[in-house]
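*Asks:* Right, I'll just put the structure down here and ask away after.
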Amino acid sequence: MLMTDLLKAEEIKKALEVFAGETFDPKKFFEIVGMKAMTAEDVKKVFQVLDVDGSGFIEEEELKFVLKRFSQEGRDLTDSETSAFLKAADKDGDGKIGIDEFEVLVHE
């Protein structure tokens with residue numbers, strides 16, 4: 001499944017442009033691409049696209065390349081952006097983001 005099967009390509013492009021030279025903010029990004037308005041089931045589908053290794057979690061290494069999962073034009077996150085993203089979502093402190101944590105981050 002591709003992100004464009006779940007989200008509008010123009011909204012993805014707009015969000016990537018916003019964060020091309022600005023510090024990445026996952027909550028703002030998810031809002032711009034339209035994920036805040038998605039059902040929990042559709043957010044789960046996005047999660048599955050981001051969970052590259054199919055482990056049921058988004059680990060730090062997967063987070064670094066999260067924007068490229070939305071579009072090949074996406075940039076890599078910096079180490080500090082990756083750490084901040086993980087800290088914002090990882091509520092149980094296990095060093096990875098589960099589906100429930102991801103959904104909370106998207107819908108907060």
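A Cβ is built for glycine as well, from the same backbone N, Cα and C atoms used for every other residue.
TrEMBL feature annotations, pasted as is:
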BINDING   D51, D53, S55, F57, E62, D90, D92, D94, K96, E101  Ca(2+) binding site
DOMAIN    38-73  domain 'EF-hand'
DOMAIN    77-108  domain 'EF-hand'
*Asks:* When neighbour density is defined as the number of other C-beta atoms within 10 angstroms of a residue's C-beta, which of the binding-site residues D51, E62, D92 has the lowest density?
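*Replies:* Comparing Cβ neighbour counts within 10 Å for the binding-site residues D51, E62, D92 gives D92.
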*Asks:* Of S55, K96, which of the binding-site residues has the most Cβ neighbours inside 10 Å?
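*Replies:* Buried the deepest by this measure is K96.
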*Asks:* On the 0 to 100 pLDDT scale, where does the domain 'EF-hand' (77-108) sit on average?
*Replies:* 96
*Asks:* Within the domain 'EF-hand' (77-108), how many residues are helix, strand or coil going by DSSP?
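*Replies:* Split by secondary structure, the domain 'EF-hand' (77-108) comes out as 20 helix, 3 strand, 9 coil.
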